[in-house]
Amino acid sequence: YLSRSQVSRIRGKAKYLTLVTTPPLNMFFGLLFPLLFELSVLIPAPAFSQDSNPVYREGNRVSSTRTFLTRTFIKHEFHHLNAPLIGTVAVSDVFDCTLECLSNPLCFSVNLAAFKVTHRKLWCELLSSDKFRNSTEYKGNKYSHHFAIESPCSSSPCQHEATCVTNYRDGSFGCRCAKGYKGEYCEKVLGSCREAYNLFKSNASQLVTLHLDSKPVTVLCQMGDFGCGDGGWTPVMKINGRQICLGMKISGQLRFIVINKQANSLYSLIADGRYRATSLGRNEWKKLIGAEGSLQLRCNKEGFNAVSTASYRSKARIGYIANQENDCGSCDSRIGFGTGGYPDNSLTCGNAASHSPDNGDRYIKAMGYILVQ
């Protein structure tokens, strides 16, 4: 064991110093004199200078008589971290500055002036954070050096601009992912609202950053069971999915039905104009409209790109068309999304019906919702 004055005489001859204190003393370290500490590793090297890289080892060691605490500080020349201050002290050298930090359990890094000024002292800033948690505030500086407690975050384990957070008690770390990423190291991307729901476990609909075709896109994910079934639902776009949830809002009333359909995207189901059948049934489609829903009794064609043989008659990108005749040549009624044709070409979402439908003529416009999971 050495006194502080003894260490002052040998510090210029050591490259690796292990500072060790007992926890009770550590709480009042700056107030006690003379200080007791152990110089457990002493390797001859050139004296410290502004160009050197002194390293102070960190770790916990337990003996039969006491528990020792040691810390490692890494020097980052001509850098400064703008982080919450614990305090500022005037010191003689880097040894005193890092020792002040070691004596304070809230200190994780320091800024030390590169040049001595008043009374041949250096100002030393004790910081309550590190450059990993405050990366945007860590910058080059001509007038100071930054010293940080050695951290597993130094190897940049967190990906995609995630924030690495060190647990200085046990040397572990965690990654706080940026929006749109997940995983232990934030190495995985979110590709659907379903994945976001499984990650956040929240029924609150929210804006989520998804990665579509390797590009980040912010979408409003509909979470929870609002009529389509539990989980996270994605507004329709180019997304892989297994289910499509269709909703219509009429006079403030929102109703949904679900189609089980595996596809790479909704675009792949409708873009080529080819008819792809579904099998929900007319009563299920009429649920979107409620008690006012009305369709003719024949033809009964449903699915994607459901159209009449005559192009000017009823058609639907997604929906159900019907006729009063025993064919689908001249349909006069439909329920669906992306609709058009006779009897009202301006009605693009909702229910249009004429020529003897089962619940009277209808011209009901609706706000449409198309979601996938």
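Cβ atoms here come from the backbone N, Cα and C positions, even for glycine.
The disulfide bond feature in TrEMBL is assigned to CYS158-CYS175, CYS177-CYS186. Look at TrEMBL and you will find 149-187 tagged as domain 'EGF-like'. The annotation transmembrane segment is assigned in TrEMBL to 16-37.
Within 10 Å of the C-beta of CYS177 (disulfide bond) we count 21 further C-beta atoms, all protein chains included.
Neighbour count (other Cβ atoms within 10 Å of the Cβ, all protein chains): 21 for CYS186 (disulfide bond). Ranked by Cβ neighbours within 10 A across all protein chains shown, the disulfide-bonded residues CYS158, CYS175 are led by CYS158. Taking CA atoms as the reference points, CYS177 (disulfide bond) and CYS158 (disulfide bond) are 8 Å apart. Annotated pair CYS158 (disulfide bond) and CYS186 (disulfide bond), C-alpha to C-alpha distance, rounded: 6 Å. Across all of the domain 'EGF-like' (149-187), the predicted model scores a mean pLDDT of 88. Secondary structure of the domain 'EGF-like' (149-187), assigned with DSSP and counted as helix (H, G, I), strand (E, B) and coil, comes to 4 helix, 13 strand, 22 coil. Taking the Cα atom of each, CYS175 (disulfide bond) and CYS186 (disulfide bond) are about 7 angstrom apart.
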